[in-house]
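Asker: Let me give you the structure first, and then I'll get to my questions.
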Amino acid sequence: MAKRFLLYAVLTLGAFVSLFPYLLVVLTAFKTQAQLSTTAPWLPGLPPTTANLAEMLAGDFPRYVLNTVVMTALLTAGQLLFTTFAAYAFARLRFRGRDVLFWLYVATMMVPSAVTMIPLFLIMRELDLVNTWYGLLVPYLLGSPYGIFLMRQFFKTLPAGLEEAARIDGAGPMTILLRVMLPLCRPALGTLAIITVISSWNSFLWPLIITSGDDTRVITVAIATLKSGIGVDYHLMMAGSLIALVPMVAVFIFFQKHIVRSVVLTGLK
Amino acid sequence: MTSSTAPGALVAGERPATRRARRGGDRHAYLFIAPSLFGVVAFLLLPMVIVLVLSLFDWELLSAPEFAGLDNYRRLAGDGATWHSLAVTAGYVLLSIPLQTVLALALAVLLDRRVKGLRLYRSLFVVPWMATPIVLGLIWDWIFDPREGALNSALALVGVTGPDWLSDPSWALPAVALVSVWQHTGYNMLFFLAGLQGIPRELHDAAAVDGATPAQRFWRVTLPLLNPTMFFVTVTNLIGAFQVFDTVYAMTDGGPSHSTEVLNFRIFQTAFKEFDFGYAATLSTLLFAVIFAVTLAQVRFFGKRTTYDLS
C-alpha cells in the first residue's frame, strides 16, 4: 500500500514539475511591476491585472501573432499536400528509381538543419528573397522527408484490396488517392498536421536569419527582441509568452490523442 | 490538379506490369513526388554541397569570394575558441541526454504498471515538449534569476542560498542542460511507454517462473527488448542536442565568458554577426562531421547488440 502511495506521489511530483513553468507564466502575466517584487513567484498577485496583456495587445504584437498564424497555416497546408502525394507514390506505386530515391530521402533526415542554414540564406539572397514571405516559407513548404516517411508507413498499413477494386472500376492513381485512400488517412494526416503546426509555430532560427521587418516578423523573433530591449520587464515578457503559448496548449488539449499516436507511428516497428 | 481516370494507367501492387501500363504508372509517380523531390534537392542536397564548397573559400559577404583551399581548415585546427565551443557542446550533451533518457525510462516503467489516470499523467508529462523553445528560454531565464527567480526563492525557504546560475560560468551550462531535460523527458517517455507495452507479458512471466528477481527481469528482459526504442530515442535526442540554439540564445547569449557557447551558436555568430561565411561553412562542416560520427557510432553500438524480432 505504501508502495502504491509512493508511486502516485512520484508521478504527481513529476506532473507538477512539468506544469510549474507554465503556472509561473500565467501568474506573472497578471501581476503588476509592484506585485512582482512583493509576492513570491509561485503566488498570484492580488488583485490580478490585465494591464500587461492589454499593453502587449495594444502594440505590434497582434500583427506578429497574425504573421505567425499565416506562416503556420501555409507551412502546414504545404506539408500535408506535398507529403501526401509523395508518400503515396513511395508506398503504393512502382516506378523506376523508387528505392534509391526513398533512401535518399531517409538519408536527408539526418542532415542537421543547422548545417543547411547558411547556404539556404545565401540561396535566398541570390534570389533576392531575403526579408520576404517567399524567403521565409519556400524552403519548408514542399514537404519534409520526415513527414513523407511518417505518411509512407501509414499508407503501407492500408489494405491493397481497396485499390484493386477501384482500379477494376477504372480509377486512375489520382482518383484512388483522393477518393479511396485519403478518407482513410485522416488520423495520420491529423498527426502530421499537429507535428507541423507545433514545429512551425515554434521555429526561430530561420525566421531570425531571413526576416528583419515588421511585415514578416513572427512571434518567436518578437519575443526574443523583448529581452534584448533595455530593462527586462518580466511581467510584460510573460504576458507575451502567454500569448505565444496559449495556441499551442489549445492545440494540445484538442489533439493530444494524435500527439501520442504520432509516437507509435514514428516507425518504432 | 487534374484527375486521370484512364483505364490501366496505374500499376501497383504485386502484379507484373505491361510495359505500357508501367510507363503510365511511372508518369504519375514522378508527378506525385516532383514537388517534394525539388524541395529535397534544392533545400537539402544543394545546401550540403554549397557548405562543402564554401568551406574552401574566404568570403566575408561584401567582398568577392576568394578560393582559399584548405586555409579555413588550417585555421580551424588552431582555433581554440571553436574547440572550446565543441567541448561546451559535448558538455551540454553529456549533462542533458543521459539524465533525460534515464528519467524518461523510469517514468515509463512507473506508468507501465496499471496506474489509475494513466492518460492524464501521460498528457501532463508531454506538456513541456509543446513549449516554444525561445519562450521557454525566457521563462527559465527568469526562474534562474538569482534574486527574484522561483528557484532561488524556493531554495531560500529551506535555508539554502542558490548560486547565480546563469551569470556563474560553472553553473550556466548545467542550468541550460536542465531546461532540455525538463522539455524532453516526458516526450521521450511516450516512446519508452510504447516500447514497454509492446513487450509480451509471457516473457516476464516465464522469467519470473524461472526465479528471476524484478531487477534481473528489468536488466535481462525489459532492457534488451527496448533496444530499438533506446536506439531511436538516443539517436534523435543526440542529433537535436548537438544543434541546440534557441534556449542558449534566450537564456545566456553564449555567456558568461563563453561558458554556454555551443558550436551551433558559434556558427551563427561567425556567419550572421561577423559575416565570415567561408569560415562559418567550415564550422558547419565540422558540426555535420561530429553528428555523423556520433550517429554512426550509435548505429554500430546498437547494431552489435541482439535485437529480438517478435512480429
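Even glycines carry a Cβ here, placed using N, Cα and C.
According to TrEMBL, the feature transmembrane segment maps to B:29-57, B:90-111, B:123-143, B:171-194, B:225-245, B:277-297. For B:86-298, the entry in TrEMBL reads domain 'ABC transmembrane type-1'.
So that I understand the layout, could you describe where these features sit and how close they are to other parts?
Answerer: Using a Cβ-Cβ cut-off under 8 Å and counting only residues 6 or more beyond its ends in the same chain, the transmembrane segment (B:90-111) has close neighbours at 118, 121-122, 125, 173-174, 176-178, 180-181, 184-189, 191-193, 195-196, 218, 222, 226, 230, 233-234, 237-238, 241-242, 244, 260, 262.
Counting only same-chain residues 6+ beyond the ends of the transmembrane segment (B:123-143), those with a CB under 8 A from a CB of the stretch are 107, 149-151, 166, 175, 178-179, 182-187, 189-190, 246-251.
With a threshold of 8 Å between CB atoms, the same-chain residues lying at least 6 positions outside the transmembrane segment (B:225-245) that come near it are 89, 92-93, 96-97, 100-101, 104-105, 176, 180, 184, 188, 191-192, 194-196, 199, 203, 262-265, 268, 287, 290-291, 294-295, 298-299, 302, 305-308, 310.
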Asker: Checking distant contacts: for the transmembrane segment (B:277-297), what same-chain residues at least six beyond its ends satisfy Cβ-Cβ under 8 A?
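Answerer: Cβ under 8 Å, 6 or more out: 50-52, 54-61, 65, 68, 72-73, 75-76, 82, 86, 89, 235, 238-239, 242-243, 263-264, 266-267, 270-271.
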